Amino acid sequence: MLAILDYKAGNQTSVRRALDHLGIPCVITADPEVIQGAAGVIFPGVGAAGQAMNELVTTGLDEVLRRQVQAGRPLLGICVGCQIMLDYSQENDTKALGIIPGECRLFNPAWTDEDGAPIRVPHMGWNHIVQRRPCELLKGIEPEAEFYFVHSYYPAPPEEYVIATCTYGAEFCAIHGGPGLWAVQFHPEKSGRPGLRLLANFHRYCTEAADAQ
C-alpha cells in the first residue's frame, strides 16, 4: 500500500484517482503509524512553498517525512512537494525540509522561448523532459513523452542529484533525487499514460523494496 500525505497544500484526490485507475492500493493519511507502515509515500503539493511548510511544521509531518527518508523508505515528491524537499525556496523566503540539497528559484521573466519571445510565468502546459541519468521511475517511458507542468519556481539541486531536465526559456531540473528518494516538478497524475507509468514504476519499486526487507 502507498500512503498519500494528507495536509492542506496537496492535490491528494487527483493522485488517489490515478492510483485507483492503476489498481494500486493507497490511502490518504496524516497518521504517522500508517505512513511508517506503508510501502512508500507520495508527497504531493500545490500552492505556495511557505504555506506548505507551515502546514507540515504545524502538524509535525515535516519530521515524519524526515524519518521516512532516514529509515530508507521510498518517497516521491510532486510539484511543490518536489520543491520543498530541498533546503530553501525563494518563494516566501522559505526554509524547506532539507531532505535533498539545493534551492528552488523563480523563473526569470527575461528568459525567452525558441522564437525569442519572453516566457510567460508560470510555466503551464505540456513539455518533454530529457533523462540525464538512469532512473527506475522512467523505465518503459518513451524519450519523447511529455508531462504536464504548472509552476513559477523550479528546483535547482547540485548536478549529481539531477535525473532529468526540461527547457522553458532555459534548462531546469525536472526530476531530482536518487534511488528511492525522488522528486518530480511536473504532475504525473495529470500527465496521461507517461505519468501513470511513472506512478506504476514507483509502486513497483516500493513493493520490491518492501519484499526485500
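Cβ coordinates are placed from backbone N, Cα and C, and glycine is handled just like the others.
Features as listed in Swiss-Prot:
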type     : residues : note
DOMAIN   : 1-212    : domain 'Glutamine amidotransferase type-1'
ACT_SITE : CYS79    : active site, nucleophile
ACT_SITE : HIS187   : active site
ACT_SITE : GLU189   : active site
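Put simply, HIS187 (active site) is 6 Å from CYS79 (active site, nucleophile) when counted between their Cα atoms. Cβ neighbours of HIS187 (active site) (same chain, under 8 Å, six or more residues apart in sequence): ASN11, SER14, ILE78, CYS79, PHE147, TYR148, PHE149, VAL150, GLY195.
Listed in sequence order, ASN11, SER14, VAL15, ARG17, ALA18, PRO44, ILE78, GLY195, LEU199 are the same-chain residues six or more apart from GLU189 (active site) with CB atoms under 8 A from its CB. DSSP assigns the residue listed as 'active site, nucleophile' to coil, not to a helix or a strand.
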